[in-house]
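The feature region 'Disordered' is assigned by Swiss-Prot to 1-24, 137-211, 249-270. Taken from Swiss-Prot, the feature compositional bias 'Basic and acidic residues' covers 15-24, 168-182. Annotation source Swiss-Prot lists compositional bias 'Acidic residues' at 139-151, 183-203. Sequence annotations record features per position, and here Swiss-Prot assigns compositional bias 'Basic residues' to 259-270.
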Amino acid sequence: MSSLRHAIQRRAHKERAQPLERQRLGILEKKKDYRLRARDYKKKQAVLKSLRQKAAERNEDEFYFGMMSRKGPGSALTRGKGFTGTVDGDRGNKALSVETVRLLKTQDLGYVRTMRNIAAKELKELEERYVLAGGADQPVEEFNSDEDEEESGSKQAKPKKIVFFEGVEERQQALEKQKADEEMKDYDEEEDGYDFDDEEEMTEKEKEERRKQLVLEKLARKVKAARKKLKALADAEYELELQQAKMAKTATSGGFTKSGRRIKVRERKR
(Lines of atoms letter the chains of each structure in order from A; the text may use other names.)
(Lines give C-alpha, C1' and ligand atoms only; values in the text may rest on other atoms or scores of the structure.)
Protein backbone atom coordinates (compact mmCIF):
# COMPACT_ATOMS: atom_id res chain seq x y z
CA MET A 1 0.00 0.00 0.00
CA SER A 2 2.92 2.30 0.64
CA SER A 3 3.99 2.09 -2.99
CA LEU A 4 0.47 2.92 -4.14
CA ARG A 5 0.36 5.84 -1.72
CA HIS A 6 3.61 7.21 -3.08
CA ALA A 7 2.44 6.70 -6.68
CA ILE A 8 -0.65 8.82 -6.09
CA GLN A 9 1.37 11.63 -4.58
CA ARG A 10 4.04 11.52 -7.30
CA ARG A 11 3.91 14.43 -9.74
CA ALA A 12 3.01 13.66 -13.34
CA HIS A 13 6.06 13.65 -15.62
CA LYS A 14 6.08 16.18 -18.43
CA GLU A 15 8.41 16.43 -21.34
CA ARG A 16 10.39 19.63 -21.50
CA ALA A 17 9.22 21.72 -24.44
CA GLN A 18 11.50 23.50 -26.86
CA PRO A 19 11.74 27.28 -26.87
CA LEU A 20 9.25 29.04 -29.11
CA GLU A 21 11.74 29.56 -31.95
CA ARG A 22 12.71 25.83 -31.88
CA GLN A 23 9.28 24.22 -31.61
CA ARG A 24 9.59 22.87 -35.15
CA LEU A 25 12.39 20.55 -33.91
CA GLY A 26 10.11 18.65 -31.52
CA ILE A 27 10.65 17.82 -27.85
CA LEU A 28 14.07 18.11 -26.21
CA GLU A 29 16.38 15.14 -26.52
CA LYS A 30 17.17 13.30 -23.28
CA LYS A 31 20.43 11.64 -22.36
CA LYS A 32 19.06 8.14 -23.03
CA ASP A 33 17.96 9.22 -26.53
CA TYR A 34 21.41 10.62 -27.19
CA ARG A 35 23.05 7.36 -26.03
CA LEU A 36 20.91 5.32 -28.43
CA ARG A 37 21.71 7.64 -31.32
CA ALA A 38 25.43 7.68 -30.55
CA ARG A 39 25.54 3.87 -30.23
CA ASP A 40 23.80 3.47 -33.59
CA TYR A 41 26.14 5.97 -35.24
CA LYS A 42 29.28 4.24 -33.93
CA LYS A 43 27.96 0.86 -35.03
CA LYS A 44 27.41 2.10 -38.57
CA GLN A 45 30.84 3.74 -38.66
CA ALA A 46 32.45 0.46 -37.59
CA VAL A 47 30.62 -1.41 -40.38
CA LEU A 48 31.73 1.15 -42.95
CA LYS A 49 35.32 0.92 -41.72
CA SER A 50 35.34 -2.87 -42.07
CA LEU A 51 33.81 -2.64 -45.55
CA ARG A 52 36.46 -0.14 -46.64
CA GLN A 53 39.15 -2.47 -45.36
CA LYS A 54 37.64 -5.42 -47.24
CA ALA A 55 37.44 -3.35 -50.41
CA ALA A 56 41.08 -2.33 -50.07
CA GLU A 57 42.23 -5.94 -49.52
CA ARG A 58 39.91 -7.62 -52.03
CA ASN A 59 41.15 -10.11 -54.58
CA GLU A 60 40.96 -8.89 -58.18
CA ASP A 61 40.24 -12.44 -59.44
CA GLU A 62 37.38 -13.00 -57.01
CA PHE A 63 34.08 -14.07 -58.58
CA TYR A 64 30.64 -14.88 -57.28
CA PHE A 65 27.34 -15.13 -59.11
CA GLY A 66 25.96 -11.93 -57.58
CA MET A 67 28.26 -10.09 -59.98
CA MET A 68 26.20 -11.35 -62.90
CA SER A 69 23.36 -8.96 -62.01
CA ARG A 70 25.52 -5.87 -62.41
CA LYS A 71 25.99 -3.89 -65.61
CA GLY A 72 29.71 -3.68 -65.09
CA PRO A 73 32.45 -3.38 -62.47
CA GLY A 74 32.22 -0.35 -60.23
CA SER A 75 28.68 0.93 -60.73
CA ALA A 76 29.36 3.68 -58.20
CA LEU A 77 32.24 4.88 -60.38
CA THR A 78 30.29 4.79 -63.64
CA ARG A 79 27.11 6.38 -62.26
CA GLY A 80 28.75 8.83 -59.89
CA LYS A 81 26.83 10.41 -57.03
CA GLY A 82 23.51 9.19 -58.42
CA PHE A 83 24.33 5.59 -57.50
CA THR A 84 21.85 4.40 -54.84
CA GLY A 85 23.47 1.03 -54.17
CA THR A 86 20.94 -1.07 -56.08
CA VAL A 87 22.17 -3.28 -58.88
CA ASP A 88 20.42 -4.09 -62.13
CA GLY A 89 19.06 -7.56 -61.71
CA ASP A 90 15.78 -9.25 -62.51
CA ARG A 91 13.02 -6.62 -62.48
CA GLY A 92 10.26 -9.16 -62.97
CA ASN A 93 9.74 -8.36 -66.64
CA LYS A 94 9.16 -11.48 -68.69
CA ALA A 95 10.90 -11.73 -72.04
CA LEU A 96 8.49 -12.16 -74.93
CA SER A 97 8.78 -15.18 -77.16
CA VAL A 98 10.00 -14.89 -80.74
CA GLU A 99 6.53 -15.71 -82.08
CA THR A 100 4.97 -12.90 -80.03
CA VAL A 101 7.56 -10.36 -81.15
CA ARG A 102 7.10 -11.44 -84.76
CA LEU A 103 3.34 -10.95 -84.42
CA LEU A 104 3.87 -7.46 -82.99
CA LYS A 105 6.18 -6.61 -85.88
CA THR A 106 3.45 -7.82 -88.25
CA GLN A 107 1.06 -5.29 -86.69
CA ASP A 108 3.68 -2.54 -86.98
CA LEU A 109 4.27 -3.51 -90.59
CA GLY A 110 0.54 -3.30 -91.32
CA TYR A 111 0.37 0.21 -89.83
CA VAL A 112 3.42 1.42 -91.78
CA ARG A 113 2.05 -0.11 -94.98
CA THR A 114 -1.30 1.67 -94.47
CA MET A 115 0.42 5.01 -93.87
CA ARG A 116 2.60 4.47 -96.95
CA ASN A 117 -0.49 3.88 -99.12
CA ILE A 118 -2.07 7.07 -97.77
CA ALA A 119 1.14 9.02 -98.44
CA ALA A 120 1.31 7.59 -101.99
CA LYS A 121 -2.26 8.76 -102.69
CA GLU A 122 -1.49 12.22 -101.34
CA LEU A 123 1.63 12.43 -103.51
CA LYS A 124 -0.33 11.38 -106.60
CA GLU A 125 -2.97 14.06 -105.96
CA LEU A 126 -0.32 16.74 -105.44
CA GLU A 127 1.50 15.77 -108.63
CA GLU A 128 -1.78 15.93 -110.58
CA ARG A 129 -2.54 19.37 -109.14
CA TYR A 130 0.98 20.50 -110.03
CA VAL A 131 0.55 19.39 -113.65
CA LEU A 132 -2.89 21.00 -113.93
CA ALA A 133 -1.49 24.26 -112.53
CA GLY A 134 0.88 24.43 -115.50
CA GLY A 135 3.95 22.75 -114.08
CA ALA A 136 4.30 20.12 -116.80
CA ASP A 137 7.15 22.07 -118.41
CA GLN A 138 8.86 22.87 -115.10
CA PRO A 139 10.22 19.93 -113.07
CA VAL A 140 9.74 20.04 -109.32
CA GLU A 141 13.51 19.90 -108.78
CA GLU A 142 13.91 23.39 -110.26
CA PHE A 143 12.33 24.98 -107.18
CA ASN A 144 14.60 25.16 -104.13
CA SER A 145 12.68 24.83 -100.86
CA ASP A 146 13.81 26.14 -97.48
CA GLU A 147 14.61 22.59 -96.28
CA ASP A 148 16.95 22.04 -99.22
CA GLU A 149 18.77 25.27 -98.45
CA GLU A 150 19.21 24.26 -94.81
CA GLU A 151 20.48 20.78 -95.73
CA SER A 152 22.93 22.10 -98.34
CA GLY A 153 24.19 24.76 -95.95
CA SER A 154 23.73 27.56 -98.48
CA LYS A 155 22.78 30.01 -95.73
CA GLN A 156 26.09 31.36 -94.50
CA ALA A 157 26.52 32.95 -91.10
CA LYS A 158 26.60 36.74 -91.12
CA PRO A 159 30.00 38.22 -90.28
CA LYS A 160 30.12 39.96 -86.94
CA LYS A 161 31.22 43.60 -86.79
CA ILE A 162 32.07 45.62 -83.68
CA VAL A 163 30.85 49.23 -83.81
CA PHE A 164 31.92 51.86 -81.28
CA PHE A 165 29.71 54.85 -80.38
CA GLU A 166 30.56 58.10 -78.64
CA GLY A 167 27.51 58.14 -76.37
CA VAL A 168 24.56 56.12 -75.11
CA GLU A 169 22.03 58.09 -77.19
CA GLU A 170 23.89 57.39 -80.43
CA ARG A 171 24.05 53.69 -79.57
CA GLN A 172 20.31 53.60 -78.80
CA GLN A 173 19.48 55.25 -82.14
CA ALA A 174 21.61 52.71 -84.01
CA LEU A 175 19.91 49.80 -82.23
CA GLU A 176 16.45 51.15 -83.06
CA LYS A 177 17.43 51.58 -86.70
CA GLN A 178 18.80 48.02 -86.85
CA LYS A 179 15.60 46.66 -85.29
CA ALA A 180 13.45 48.55 -87.82
CA ASP A 181 15.56 47.18 -90.70
CA GLU A 182 15.16 43.61 -89.43
CA GLU A 183 11.38 43.99 -89.10
CA MET A 184 11.19 45.37 -92.65
CA LYS A 185 13.29 42.47 -93.92
CA ASP A 186 11.03 39.92 -92.20
CA TYR A 187 7.98 41.62 -93.71
CA ASP A 188 9.52 41.37 -97.19
CA GLU A 189 10.27 37.67 -96.68
CA GLU A 190 6.68 37.02 -95.60
CA GLU A 191 5.40 38.57 -98.79
CA ASP A 192 7.53 35.94 -100.61
CA GLY A 193 9.29 38.43 -102.81
CA TYR A 194 6.10 40.19 -103.90
CA ASP A 195 6.90 43.88 -104.58
CA PHE A 196 3.91 46.20 -104.19
CA ASP A 197 5.72 49.13 -105.85
CA ASP A 198 5.88 47.27 -109.15
CA GLU A 199 2.25 46.14 -108.92
CA GLU A 200 0.90 49.32 -110.50
CA GLU A 201 3.39 49.15 -113.37
CA MET A 202 2.61 45.48 -114.15
CA THR A 203 -0.13 44.53 -116.55
CA GLU A 204 -2.92 42.11 -115.73
CA LYS A 205 -1.20 39.38 -117.72
CA GLU A 206 2.06 39.80 -115.79
CA LYS A 207 0.17 39.77 -112.50
CA GLU A 208 -1.53 36.52 -113.47
CA GLU A 209 1.81 34.96 -114.44
CA ARG A 210 3.31 35.98 -111.12
CA ARG A 211 0.43 34.50 -109.14
CA LYS A 212 0.71 31.31 -111.18
CA GLN A 213 4.44 31.09 -110.42
CA LEU A 214 3.82 31.52 -106.68
CA VAL A 215 1.20 28.74 -106.74
CA LEU A 216 3.62 26.47 -108.60
CA GLU A 217 6.37 27.10 -106.04
CA LYS A 218 3.99 26.28 -103.19
CA LEU A 219 2.85 23.05 -104.86
CA ALA A 220 6.46 22.11 -105.64
CA ARG A 221 7.38 22.41 -101.95
CA LYS A 222 4.43 20.21 -101.01
CA VAL A 223 5.38 17.60 -103.62
CA LYS A 224 8.97 17.49 -102.32
CA ALA A 225 7.79 17.04 -98.72
CA ALA A 226 5.36 14.28 -99.77
CA ARG A 227 8.11 12.43 -101.67
CA LYS A 228 10.41 12.66 -98.67
CA LYS A 229 7.69 11.28 -96.37
CA LEU A 230 6.89 8.44 -98.79
CA LYS A 231 10.57 7.46 -99.02
CA ALA A 232 10.91 7.37 -95.21
CA LEU A 233 7.83 5.14 -94.88
CA ALA A 234 9.05 2.83 -97.65
CA ASP A 235 12.44 2.46 -95.93
CA ALA A 236 10.72 1.68 -92.61
CA GLU A 237 8.51 -0.93 -94.30
CA TYR A 238 11.54 -2.60 -95.88
CA GLU A 239 13.39 -2.76 -92.55
CA LEU A 240 10.38 -4.27 -90.77
CA GLU A 241 9.93 -6.86 -93.52
CA LEU A 242 13.61 -7.77 -93.24
CA GLN A 243 13.41 -8.14 -89.44
CA GLN A 244 10.27 -10.24 -89.71
CA ALA A 245 11.90 -12.50 -92.29
CA LYS A 246 14.97 -13.01 -90.10
CA MET A 247 12.77 -14.03 -87.14
CA ALA A 248 11.04 -16.83 -89.07
CA LYS A 249 11.39 -20.43 -87.89
CA THR A 250 13.11 -21.53 -91.09
CA ALA A 251 16.12 -19.91 -92.73
CA THR A 252 15.14 -17.02 -94.98
CA SER A 253 16.97 -14.76 -97.39
CA GLY A 254 18.52 -11.62 -95.98
CA GLY A 255 20.48 -13.33 -93.20
CA PHE A 256 24.01 -14.66 -92.82
CA THR A 257 25.42 -17.91 -91.47
CA LYS A 258 28.11 -18.14 -88.78
CA SER A 259 30.75 -18.51 -91.47
CA GLY A 260 29.59 -15.28 -93.12
CA ARG A 261 27.77 -16.72 -96.13
CA ARG A 262 24.51 -15.15 -97.24
CA ILE A 263 21.40 -17.33 -96.84
CA LYS A 264 19.59 -17.95 -100.11
CA VAL A 265 16.34 -19.88 -100.07
CA ARG A 266 15.18 -21.35 -103.35
CA GLU A 267 11.51 -21.98 -103.92
CA ARG A 268 10.31 -25.50 -104.47
CA LYS A 269 9.63 -26.43 -108.08
CA ARG A 270 5.96 -26.59 -108.91
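Cβ from N, Cα, C; glycine included.
Note on the compositional bias 'Basic and acidic residues' (168-182): DSSP counts are 15 helix, 0 strand, 0 coil.
Per DSSP, the compositional bias 'Basic and acidic residues' (15-24) is made up of 5 helix, 0 strand, 5 coil.
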